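Annotation source TrEMBL lists active site at R344. Positions annotated as ATP binding site by TrEMBL: K168, E252, H287. If you look up TrEMBL, you'll see D589, K758, H788, H790 marked as Mn(2+) binding site. Taken from TrEMBL, the feature substrate binding site covers R661, T925. Feature annotation from TrEMBL assigns domain 'Biotin carboxylation' to 52-502. Here TrEMBL flags 172-369 as domain 'ATP-grasp'. Annotated domain 'Pyruvate carboxyltransferase' per TrEMBL: 580-849, in sequence order. The domain 'Lipoyl-binding' feature in TrEMBL is assigned to 1120-1195. The N6-biotinyllysine annotation in TrEMBL covers K1161.
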Amino acid sequence: MLRLQARLSSLCHGARAKMPDAARSKTQYGYNLPPGMGRYSSSQPQAKPDEKIQKLLVANRGEIAIRVFRACTEMNIRTVAIYSEQDKMHMHRQKADESYLIGKGLPPVAAYLNIPEIIQIAKENDVDAVHPGYGFLSERSDFAEACTDAGIKFIGPSAEVVYKMGDKVEARKAAIEAGVQVVPGTDGPVEDVEQARYFCEQYGLPVIFKAAYGGGGRGMRIVRNMEDIEENFMRARSEAEAAFGNGALFLEKFIERPRHIEVQILGDRYGEVVHLYERDCSVQRRHQKVVEIAPAPKLSPDIRAKMCADAKRLATHVGYENAGTVEFLLDNSGQYYFIEVNARLQVEHTVTEEVTGIDLVQNQIRIAEGRSLKELGLQQEDVNLQGCSIQCRMTTEDPARQFQPDTGRIEVFRSGEGMGIRLDSALGFAGAIISPYYDSLLVKVIAHARDHPSAAAKMLRTLKEFRIRGVKTNIPFLLNVLEHEKFLNGVVDTYFIDENPQLFKFYPSKNRAQKLLHFMGQTMVNGPQTPLATNMEPSDVIPTVPDIPYVKSAPLGWRDVLKKDGPEGFAKKVRDHKGLLLMDTTFRDAHQSLLATRVRTYDLKRISPYVTHRFNNLFSCENWGGATFDVAMRFLHECPWERLQQLREQIPNVPFQMLLRGANAVGYTNYPDNVVYKFCDLAVKHGMDIFRIFDSLNYFPNIKVGMEAVGNAGGVIEAAISYTGDVSDPMASKYTLQYYEDLATELVKAGTHILGIKDMAGVLKPRAAKMLIGALRDRFPDIPIHVHTHDTACAGVASMLACAEAGADVVDVAVDSMSGLTSQPSMGAVVAALQRTELDTGIQLSDVTNYSAYWEQTRNLYAPFECCKTLKSGNSDVYINEIPGGQYTNLQFQAFSLGLADQFEEVKKMYAEANKLLGDVPKVTPSSKVVGDMAQFMVQNKLNAKMVEERVEELSFPVSVVEYFQGYLGQPPGGFPEPLRTKILKGKERIEGRAGESLPPIDFEGLKESLEERHGNIIREVDVMSSALYPKVTDDFLEFREKYGPVDALDTKMFFVGPKMAQEVEVTIEKGKTLSIKALAVGDLSKAGKREVFFELNGQTRSVSITDEAASKELHFHPKALKGVRGSVGAPMPGTIVDIKVKSGDKVEKGQPLLVLSAMKMEMLVTAPCAGTIKTIHVEKSMKMEGDDLLVDIECE
């Protein structure tokens, strides 16, 4: 590349040296601009036969090549395209009549700078004119001269004018000679850093480096500090060499807060020049124009007239022929300065065409054919302005990542259209490949209307209609610009973007349909994205929802009582109620016990309206908390907060109840108190009503934290006692009736609204139930009592009836098809048993039957998680081992999956022994996990309790067991068993009292900033809370949601196992928006290890590219940077490594340059994200990188 650039530079200087002096000194007259010429008029004068262009080659690519081809086609001129190896599939070559490969073996940009080969192609194919477009060779005088020498017309100014105007130093001289005021600057190119430093000392800062042989923001750097001169000089020169084949720079004083105004001119060979008025190009980023407007809004007529006159005077002075642009900076005082001439067609020529009705490209060609402006009907007095036009440059850049260029395949392209809208593009189609080799421009969108606000409205509407998927675009940024009050007002300066950070606050496009296709494709190629527990298949049956009559409002329920009377009044009304009230656990604990907590919001929402209308007299619906919180994110890829909110919308009249693990909230560890308080506050705001608060060790200080948090949030406090043992056993000495009465007394004194009994293992026998509930009722006659149990021993219905008879106000049940075994007792059985008695529940058995039918069908959708795969019946041995219901299922399944089914009986026996070793504790999450871990440890190591005690000092115990003895869960009833505790801890830290009490508060704002740094500005308050509870799970969930979208909208079988081929499904992503999807085919494996998966979406074919994970293991790919690891530095954009500034072992400071990456003719400095030591450099110079490829590993300090 460097050799080629050097050769091009020598050719350029050689061409200038050969230019005859006569040619240099010959006076050439300018040209006048075209007056009101009809838009795209075909009634133009014909060229002389000997000058008529028959075949034209465009020495360019992309949308400008297509723009010229279209003009030629209208003029019956045959067209020729050239294309590089990287552009073989590019649209511009297909739009031409002929196309030829150029620059084989050369770098991508160099191919289009290969003058000899372009001339050779033109001569071999009888081309009689060349249009340079913009960029590349468009401002190279040696190219213009080479065309002329070959007898080929150059569509543009003469070589001499291209030389004078293309060299910004020469252009300054010409402007001064013509009497046009210029910005102070160097007389010639800056040779070195010292010369640049001298200029800065003489004129002061700020200054700006500019490429002498090109524009478009390439090779431009502003310097505000003397110490930055060298770095900016090197970067600007390197960019200029890469973009224009010559790194020459000049330096000028930087004008603060200017408007960038440019005047479009046209000149003929007969000395006439006209202007086509001005354009405002002040909306810029990194000196590159983003939005252009014609005419400049609110520009005074006097300044407009003077500026246009100066543009014409300069063009006339240099003998300008063809199209060009004279650019000015306009300061706040109304003073303007000439800065440069672009001796070519501009990217933004389109807005001038719209407001004048003049086809600039066709007139360029006609002028090259020898026509005069007069013959073309382009007199100055006839050029009139017609309304306002705005152009937006839509690019494949990600504004959320500092506009890093994005690459890849456009999966979806749907454009905005309509009256007053013009689109100029070359890659505006699905399937187009966006490469890292060229400019990131995707589409030029041009709006034309009667005035600036109307044009802005059209543009805004059009951009919102665009749907582009597969690559990032700057559309969100453009929308912010167009909606900004200052832009709509019409006057902005070049500081507009820098001074309005709100422009960079984006609402990312949802892109839901394409993300769902990616998820479905991923499932089809790589299998289920939620691990399936068994080989059982989900059912094909779509569960039938029972009919309910249409009514405008839900019938009154107990939640209406709560909203009217508050928690205390609600509790009083519950206590005064005569019949037995029921809590339905079907929405949570039932499926946690039977289906591994895998039931999705999709199926809960479907049956919710039926619950609203047929079960409005339920005490509550348990639907949240406990394991459902993290499982929703971890395995179902749903937001638990959204589940709560959506169910509340569907069931407005029944109180919602959740399980709160005291100081553990819904986690498995201790949290700072502010986390528990904030969690409860958010839960109430999202629709939660009643909190069953417990501690796995019945440790009152932990329960009290939860009670206070719920009370502060305005929720109903149901403080619960975890039941274990057997109060009916006269030999019991630890968990006696007195123990429970004393604990209940503490809870009532602390302010509980309802007293809960949580029999998590289902060991509360009917006789014990009467004794316990009877004693509590006598002790606390005014406090409602709520009892929870599991039906593991199949005695649950009898126990709950005994509780009701003894004075319980509420008992827990599950609908029949989701009851029994390790779930709760049958709702239908309890309802039927109490019909026509004083304790009648008020629920109709027929309603229960219909409700049960739905869940019976739904349960078959969750066959891969069905507990009945291993659990075939109830087990009365639970009275011995006291294994909680949900844990019983999990332990049995683990034994089966590990091939230890024959040892499950041993695991149950060891569970009882482990419990005794640990001090005979209440067993509920997380204490039950400690006992379970200890039991499995003992079975695996063939230990019994006695052997553990004998060998305790030589054994390595599970972490959960060690932390239990340290006191992380709290203090167990009766204290820790000694000397076992001391021997297991071996001197480790002991926590006396409540563990969470000593934890520092969580900084929620800091946590939010951290999440936004990793996941973007989409973080909600609930995401912060989820992260405070489950950091890694939340990170994974947010990444999954961003990648795959609203997978919770898919039906359950589709979610678990994906679609069958040719299966048609409908997916409702929001009210009134339903997608129709059909899977069509899965393609063969590509060299990159990917498969293309084809779908039909709403009748249109779409495809997604999916990495085959199994096949990719055999292929080598460059490693990716680790997300969230500060020292793992990834490529910010696809590109090529051009410079490495560090080596392994170097000490670096935060922000220190590490390497330079080049892509799309732009260089980016990659800096250290932290201070530390360079561990490994994973790249070499000239390596081509993809986005997020690992560059450097830093060991951060």
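A Cβ is built for glycine as well, from the same backbone N, Cα and C atoms used for every other residue.
Here the features listed in TrEMBL are painted onto the structure.
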| residue | record | Cβ contacts under 8 Å, 6 or more apart |
| --- | --- | --- |
| K168 | ATP binding site | K210, A211, A212, F250, E340 |
| E252 | ATP binding site | V183, P184, G185, T186, V207, I208, K210, I339 |
| H287 | ATP binding site | G217, M220 |
| R344 | active site | P132, G133, Y134, S138, E139, G156, A323, G324 |
| D589 | Mn(2+) binding site | E622, G626, L659, H788, D812, A814, S823, Q824, G885, G886 |
| R661 | substrate binding site | G626, G667, F694, D695, S696, G706, T925, P926 |
| K758 | Mn(2+) binding site | R692, F694, A720, I721, S722, Y723, H788, V924 |
| H790 | Mn(2+) binding site | S593, D759, M760, A761, G762, G796, T822, S823, Q824, P884, G885 |
Additional residues around Mn(2+), ordered along the sequence, whose Cβ is within 8 Å of the centroid of D589, K758, H788, H790 | T585, D759, M760, T789, D812, Q824, G885
Of H788, T925 (the binding-site residues), the residue whose Cβ has the fewest other Cβ atoms within 10 Å | T925
Whole-number Å value of the largest CA-CA distance among K168, E252, H287, listed as ATP-binding | 16
Inside 8 A of the center formed by the CB atoms of K168, E252, H287, which other residues of the chain have their CB, for the recorded ATP site?
-> G185, I208, F209, K210, A211, M220, F250, I339, E340
Would you list the DSSP helix, strand and coil counts for the residues of the domain 'Lipoyl-binding' (1120-1195)?
-> 0 helix, 40 strand, 36 coil
Mean predicted confidence [pLDDT] for the domain 'Biotin carboxylation' (52-502) | 92
